[in-house]
Amino acid sequence: MTPEALELSLEKMRDQGVDRRAIAVFEAYWHQLAEGAQGVIPEDTIEPMGDLPELADLDVSDDERREALQRVAVVKLNGGLGTSMGMSGPKTALVALEGLTFLDIIARQIIALGERYGVRPPLLLMNSFRTHEQSLELLEQYPQLREQSLPLDFIQSREPKLRADDLAPVEWPADPSLEWCPPGHGDVYVALAASGILAQMQEQGIKYVFLSNADNLGASCDPDIAAWLLREDVPYAAEVTTRTANDRKGGHLAIRKEDGRLILRDTAMVAEGEDHYFQDNRRHQWFHTNNLWVSVDALAERLEDSDGVLGLPIVINRKTVDPTDKTSTKVIQVESAMGTAIERFEGSQAIRVPRSRFRPVKTTNELLLLRSDLFELDDDMLVRGLSDQPDPAIDLDDHYKYIADFDRLLPHGSPSLAGCSSFAVHGEVTFGSDVTCEGDVEVVADGAAEVPDGTHLQGRHDLT
């Protein structure tokens, strides 16, 4: 953990043309690591949040909505590859619903906003080097998007993975690309500035950036929230929803005792032995959706004052240099989460939104649910739930983990889940067409098996 180890990383980043501000952020985190930073938020330093303003209670006119949409840009985090589902390209190239990919739906949501209000906010993707080309190709079928005055994408930064033993940049000649990693989505703020887009937004009178994950189709640009922000002159707002038992491992907002500011605590920030506090959804009742609204002027001012180093809390990610080889060199990836920026803006707020604005797809379990008859796209291309009952719990085993196998074993799409409360499959089971599920359903097979066309499933089914 010597200055020479740090300089090797900085030189490596400079050689790759990484922006000076991103290098400065990395250097600040390296020093924190070397000094023994743990990146945790102890329970005794925070207080739970109380009541919050609610989206449903906002009173906004159509004129206010139109005015607000002229002042908003939409940024989708699109740097992720669908590797957890066996994909080699952008996850958003995957078919999500009604034969449309995530990117199709995102583009059509923006176009539908323009058709409804006569104002179309610009759409920008924060891509990685690996998602840039294919994502822009997918959007070529929407020429309306090319009419916007801002570019369709910008590229997130990258940084060296660090050896866990001495914090020097790892070397991996077998695949040098594995020596690099993204710096987490907290990089979005520096990337906007480094690309020049933040300055363009200011020049064009854009007042707010709406940030969200591209795999969350519930995160549409809501003009009511935009109008509320403009009316109240809020510098930063996070969307939260009521925390449930299924959200116990997801981040929550809290109030820092030291200065009364809102903060975000994610799983990686929990102090040892305090999981029970973190997972208590009665104590910490507001789940962080990662849908964020940030004042362009306030962000530019913070970045200018800090020379690009916002000082977001460090996130320490311990892995192996080759994630598929657990015997490869142990490394540390230094990251930050964009939602932690809430503590950097005085006057930050949170707003309560319905669960429908949080519909992420991280696994094939969630993909099955989204593709089922429980959801459809409305005229505004918003994902609409067709049931007032809680979503059924989905548990597909590893035979369905990768998208190629998922599609092979479900050639006719998802079974009907309209009357289902839970759906579990253990084994390599191929489902026929027009299969319906009722109540709690569990399908178990020792080897390859089939569920015939038209089968009605209820309870446990052991297949041979």
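Each Cβ is built from the backbone N, Cα and C atoms, and glycine gets one as well.
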Request  = Please state which member of LYS91, LYS257, LYS319 TrEMBL lists alongside GLN156, GLY184, ASP215, LYS362 for binding UTP.
outcome  = LYS91
Inquiry  = To see if you understand the setup: which same-chain residues, six or more apart in sequence, place their Cβ under 8 Å from that of GLY184 (UTP binding site)?
reply    = VAL315, GLU335, SER336, ALA337, MET338
Message = A 10 Å Cβ contact count, applied to the binding-site residues LYS91, HIS185, LYS362: which residue has the minimum?
response = LYS362
Ask   = Roughly how many Å separate the Cα of LYS362 (UTP binding site) from that of HIS185 (substrate binding site), to the nearest whole number?
value = 16
Note = Cα of GLN156 (UTP binding site) to Cα of HIS185 (substrate binding site), in Å and rounded, measures 8
Query = In Å, how long is the longest CA to CA span across LYS91, GLN156, GLY184, ASP215, LYS362, which the record gives as the UTP binders?
reply = 20
Note = For ASP215 (UTP binding site), the same-chain residues 6+ apart in sequence with C-beta under 8 angstroms from its C-beta are GLY80, LYS91, THR92, PHE102, PRO360, VAL361, LYS362
